[in-house]
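Input: a single structure, listed below in structure tokens.
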Amino acid sequence: MILKLLLFAGLAAAETGRDAWLRYARLTGHIPSALPSSIVALNSSTSSPVHTAGQELQKGFSGILGKQVAVSSTGKQASSAVVGTVAQFQKAFGSSAPNVSAELIEDGFWLSVKGSTVQIVGQNERGALYGAFEYLSMLAQGNFTNVEFATNPAAPIRWINSWDNMDGSITRGFGGASVFFADGLVLSNLTRAAEYARLLSSIRINAAVVNDVNADFHTVNSTNIQGVGRIADVFRPYGVQLALSLDFATPMELGGLSTYDPLDDGVIAFWGNITEQIYDRIPDFAGYLVKADSEGTPGPLVYNRTLAQGANLFARPLVPHGGIVMYRAFVYNQLPNESDWQADRANAAVNLFAPLDGQFDDNVVVQIKYGPIDFQVREPASPLFANLPQTNVALELQVCQEYLGQQTHLVYLPPLWRTVLDFDLRVQNETSLVRDVITGERFNRRLGGSAAVVNVGANETWLGSHLAMSNLYAYGRLAWDWSLDSEAVLQDWTRLTFGTEPTVVSTISTMSMASWPAYENYSGNLGEQTLNDILYTHFGPNPQTLDNTVWGQWTRADHTSIGMDRTVSNGTGFSGQYPAEVAAMFESVETTPDNLLLWFHHVNYTQKLKSGDTVIQHFYDAHYEGAQTAAEFVGMWEGLEGKVDEQRFDEVLYRQTFQAGHAILWRDAIVNFYHNASGIADEKGRVGTHPWRIEAESMELDGYVPYVVSPFEVASGATAIVTATNTTTGTASTTLGFPSGTYDVAVNYFDMFGGNSSYSLSLSGRTVGTWVGNAVDTGKLGHTPSIYIDGHSATRITFKGVSVRKGDVLKIVGRADGVEPAPLDYVSVLPAGVVD
Ligand code: GCV
């Protein structure tokens, strides 16, 4: 361990992020001499994960240690790194092979490092490759200690779900186009798909669904079965199995049948045939993922069949091949009505699935989103985990930050995931942690595990953001062992991704661990959900979209009170879906934790929390605190200049700067919205008070006109300015009365999709800066774009350390472009330390 501190990974000049945590960057400092002098990979077939392991070891030794080591498929154990399965070791070395088979279950491995002798024994080939990656991860982190241990997965299902569409787009994709599909076909060049499989394998993901759950029936036509077969071919050397999402109505749409009724013989035969065609091409096909009767998708309920009948339809033809069906519990087609106090979308999953417990075939797994609604910033653990003791279940997470800043905000997700995984459901008054339910341990199920929605794209960074990659890495690590510490996993990722320099590790760790609490603080508090625009982009603030819709993500906020009454006594009855002890806890305001209060209860804004604050004051305080934290991330990251390669340093700085500005927008939008709703002042006098801010609409305007923004809360003073026409230039000017000094000058403007307006800012004729609002059109930020002046397009540019004289004339000239009329909201002239 001491060695670890002495070794630092070298700093390359520029890195794109494409190698992610598998950079194999050169270590500098003292490297022990006792290292393997040869690599023996006990299978030489190129599609074999053991062969891949040999290649990876060679690449790793070369990159990390600068040591060129030959690979062969035979050799001795002493002074070699030998990798293979239990059976391959026995065949090659007989009685001198490590006797470890009893310690291993499927996909597990045993790793022994004794100076220059390294043995990596997998229960299967995939396990052997995992072991090689583990050894390389140690080396890359400068850890040369001798070890000997066996490790096994917590659960057999460790999947990712891609939401890639056949046209090459990605649903909720923020990192470029699909690495699998374009124009209705599988890409001819699958280089990135293979690189992705390498990343997945290194974090022990064993299967990937490659197409969106809103599946296109063309995915299983004969051309595309051959196409996805090629994806499976590039996955195979990494031990990643391919799986597909299905469209329930395919028998009609593709097969020309008059029905897709799951009990119809023709339909049964149709799916049997498709399944055989798939296995002919992909013998190691993992299985199907099914979204049915949900958000308009077809399903068994259309024919009054049960969801179990629907799931079993796909499960049966998979049995002879060992495939499984992941059947999603995210089922709701009946849209609720908010005027009904008892209506609740959160009730749907338990209502639909619990009565079917025991009716699903053995190779069906019900895949359950972590919370009862939809990947919100905070939700209680889905009660469905407690209601299916005779059914295989898996947890569904999102690495994709759909509602959590879309990878333009740093949000390290494992601390959020932990709130669900570590939750004790108290089934039959016994310890019943969600993580033990999903692994199959609690109810003694053979199958179980997890799936995460991952939206990697062709962007060199994969997710559009370097720091967001920690979520993918952590997902894999946790899916293997849910008891791991979130921060320890993050630090491994950081050392592998950015090097072992202690300041780099501690800074990224501090930022990341603070990031989910910060996001929750400036988005939605007290279990109110993420207050973003659920009707449009799921990105910026728009709290009013949660109510008065059929989507059932209501807050029921009015002038005096807020929250969903989910009690049994007076509300939707949702709290009664939990086992008795938990139900009792959530039934009462007194025993419901503050952070879920508004999820379970409808209370006055003046309701006192356990913290002693009122609900409304908590909103105000949390939002100011969250935006402050996001602002601090910028300075923290700047402290890493020279310690992280320039390209990644700049790209992360760009995103952190955006986040800091957008967090202020979030803060102001939400506090203004609830201040307006409740009429209750902020005890600390901050809401509505902006001493360093100049509203654009209050400046002297020439060629600019005021524009009233909707929703009102996403523009300061509810008003922005826009150029008089879409082809002209406007000028906004004002004389500054602030004391002379050095300030940061921030300009809030709107970067809409469909235009790249240009701007210049000057002080009494001295140019402060020029810029173009093109981050959205160029895809530089990647979040879902907006064509409106709203909370999604709102952004900010900051000029630091500007010398301002009292009486200076501040002037902004904006030139419209495309649909974008150079919209401006306000200017802040900020003394050091002020966040506004
Ligand atoms: C792929 C949410 C998302 C949808 C997604 C759906 C699901 O509603 O916004 O894009 O569909 O969840 O998980 O099926």
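Each Cβ is built from the backbone N, Cα and C atoms, and glycine gets one as well.
Note: TrEMBL annotation is automatic and uncurated.
TrEMBL annotations:
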type: ACT_SITE; residues: Glu295; note: active site, proton donor
type: ACT_SITE; residues: Asp374; note: active site, proton acceptor
type: ACT_SITE; residues: Glu402; note: active site, proton acceptor
type: DOMAIN; residues: 20-135; note: domain 'Alpha glucuronidase N-terminal'
type: DOMAIN; residues: 142-462; note: domain 'Glycosyl hydrolase family 67 catalytic'
type: DOMAIN; residues: 464-686; note: domain 'Glycosyl hydrolase family 67 C-terminal'
Ranking the active-site residues Glu295, Asp374 by other Cβ atoms within 10 Å, which is at the bottom? Glu295
Model confidence over the domain 'Alpha glucuronidase N-terminal' (20-135), averaged pLDDT: 97
Here the Cα-Cα span from Asp374 (active site, proton acceptor) to Glu402 (active site, proton acceptor), rounded to a whole number of angstrom, reaches 10
Write down the Cα-Cα distance for Glu295 (active site, proton donor) and Glu402 (active site, proton acceptor), rounded and given in Å. 17
Within the domain 'Alpha glucuronidase N-terminal' (20-135), how many residues are helix, strand or coil going by DSSP? 42 helix, 26 strand, 48 coil
Measure the Cβ-based neighbour count of Glu402 (active site, proton acceptor), defined as the other Cβ atoms within 10 Å of its Cβ. 23
